[in-house]
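Structure record follows, encoded as structure tokens.
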Amino acid sequence: MAAAAVSESWPELELAERERRRELLLTGPGLEERVRAAGGQLPPRLFTLPLLHYLEVSGCGSLRAPGPGLAQGLPQLHSLVLRRNALGPGLSPELGPLPALRVLDLSGNALEALPPGQGLGPAEPPGLPQLQSLNLSGNRLRELPADLARCAPRLQSLNLTGNCLDSFPAELFRPGALPLLSELAAADNCLRELSPDIAHLASLKTLDLSNNQLSEIPAELADCPKLKEINFRGNKLRDKRLEKMVSGCQTRSILEYLRVGGRGGGKGKGRAEGSEKEESRRKRRERKQRREGGDGEEQDVGDAGRLLLRVLHVSENPVPLTVRVSPEVRDVRPYIVGAVVRGMDLQPGNALKRFLTSQTKLHEDLCEKRTAATLATHELRAVKGPLLYCARPPQDLKIVPLGRKEAKAKELVRQLQLEAEEQRKQKKRQSVSGLHRYLHLLDGNENYPCLVDADGDVISFPPITNSEKTKVKKTTSDLFLEVTSATSLQICKDVMDALILKMAEMKKYTLENKEEGSLSDTEADAVSGQLPDPTTNPSAGKDGPSLLVVEQVRVVDLEGSLKVVYPSKADLATAPPHVTVVR
């Protein structure tokens with residue numbers, strides 16, 4: 001009787017166990033009552049699914065603790081998302097150790113303190129050795145564990161926005177403590193001081209400390225070698241000129257001001273040291289320019305094997321593409337970034353096939369089988385902006401899926417479920433292929449996310465499919481790219497970086513191998529039987545560098561307030577040697 005009751009109360013667990021699923025999403029109506037009946041914790045049976053890689057429990061006001069057994073029962077967990085619940089005021093140590101965990105999202109809870117992690121002593125292994133993204137935003141944290149850096153030494157993104165922190169632990173900025181940390185967000189806290197040791201964060205690209213209680217910004221911040229974006233708005237700084245600069249100037253200007261010692265360049269020894277540092281940087285820049293901008297035959301040889309990524313700023317673009325985000329998508333799949341890429345050549349040989357294969361590989365690896373993020377590519381000529389990213393009930397969402405007829409999302413999902421069952425019967429195994437593998441990511445959602453163009457047509461239904469309307473073909477040279485995620489904005493940017501750099505590699509490969517172009521009849525009709533004029537193609541020259549143009553796309557709310565722009569100065573920062581990013 002007891003087992004029957006559990007199966008009836010938690011059918012998702014029975015299904016996940018039967019189908020040997022790697023991902024599980026618990027949300028939607030009825031979840032709160034079941035968790036309350038389980039004592040405010042997750043059911044113990046959940047921790048008997050050792051194959052789980054992704055677990056999300058969100059929007060449950062009765063969930064106060066994960067429950068004992070999580071670490072022991074889910075050793076292969078890669079992503080743990082427990083956002084918008086009622087976790088707190090403390091968090092029991094049973095959350096770790098989790099040796100494979102890469103993403104931990106505890107945002108929107110009621111946490112006031114975190115348990116100390118493992119790794120205090122040199123002989124103790126870190127509790128979260130593979131963790132890359134930690135989201136603690138929207139809690140009530142007053143302090144961070146002193147050993148956070150030792151617990152998660154591979155951390156790349158740390159979001160502490162909207163807490164009650166008045167300081168960072170000194171260990172966080174210890175030399176070599178977090179060598180990979182590229183994003184630190186701690187806006188809307190009570191921070192009073194920023195340690196000069198922040199300069200030890202060698203990989204830091206973006207820093208958001210807006211709306212705190214800082215009175216000074218350490219000059220050492222300018223020594224962060226990769227820092228591209230900073231936000232100190234809403235702090236009452238003693239240096240009023242600097243306070244005015246952080247409200248309106250670009251990051252480069254602010255760092256330059258800090259680098260020379262503030263107003264007047266400082267005095268005495270400080271000024272001399274600042275001048276020496278600046279002179280050293282100037283010489284390095286000149287050496288780099290000489291290497292990159294040589295003349296004569298040496299430059300010609302270098303150009304032939306180089307590919308330029310030209311970033312077109314929104315202000316330079318007469319018709320920039322914009323994505324508006326409606327509020328209801330926040331509870332479904334809140335994060336999206338977009339970009340426009342011009343200058344691809346998919347006509348030669350297997351170029352299109354390689355392009356589509358690269359997307360599949362990204363979905364499998366970096367996107368963690370679409371659980372962390374989902375990317376979509378569109379024929380730009382068929383995209384009519386501005387675009388709207390929203391969420392709709394399944395019965396109201398209509399799309400023409402790739403290779404299928406128009407259908408409502410509810411009907412499409414049902415059809416895919418039937419096809420999945422048929423696959424299992426034919427192959428006599430539980431695993432399925434294609435789009436059928438991602439259906440469980442919609443479990444429990446009352447609304448489905450979608451991207452809608454200016455004509456009102458749905459061109460994307462993440463994480464399931466794109467629309468036939470914007471299908472990429474061999475004739476496609478200009479593309480609109482989108483990446484969405486239910487996990488974090490940073491993973492969207494990471495996937496977009498990887499996709500664009502992969503496109504650059506493919507462009508270089510196509511040019512070097514000089515494959516012959518080919519068009520199918522259908523594709524030839526699409527361009528009226530005419531191939532593009534090589535003289536108008538910026539990459540057609542044999543002697544100069546090939547060019548891809550990446551246009552910035554702004555994501556705004558319905559009032560027009562900016563949410564994110566891609567690519568920003570901090571994006572595309574890890575380009576390979578043969579790719580030069582021109583901003």
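The backbone N, Cα and C atoms fix where each Cβ goes, glycine too.
Among the features that Swiss-Prot reports, coiled coil is placed at 402-437. The N-acetylalanine feature in Swiss-Prot is assigned to Ala2. Residues or ranges marked as phosphoserine by Swiss-Prot on the basis of a large-scale study or a structure entry: Ser315, Ser431, Ser518, Ser520. Under the heading repeat 'LRR 1', Swiss-Prot lists 76-95. As annotated by Swiss-Prot, repeat 'LRR 2' applies to 100-121. Feature annotation from Swiss-Prot assigns repeat 'LRR 3' to 130-152. Per Swiss-Prot, repeat 'LRR 4' is recorded for 154-175. Residues annotated as repeat 'LRR 5' in Swiss-Prot: 180-202. The repeat 'LRR 6' annotation in Swiss-Prot covers 203-225. The feature repeat 'LRR 7' is assigned by Swiss-Prot to 226-246.
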Checklist outcome for this item: Ser315 (phosphoserine) has its Cβ surrounded, within 10 angstroms, by a count of other Cβ atoms equal to 7
Checklist outcome for this item: the repeat 'LRR 1' (76-95) resolves under DSSP into 3 helix, 3 strand, 14 coil
Next on the checklist: Using Cβ atoms and a strict cutoff of less than 8 Å, what residues sit near the repeat 'LRR 1' (76-95) while being 6 or more residues removed from its termini?
Outcome noted: 40, 50-70, 101-116, 135, 139-140, 331, 368, 371-372, 486-487
Checklist entry - Does DSSP give Ser315 (phosphoserine) helix, strand or coil? => result helix
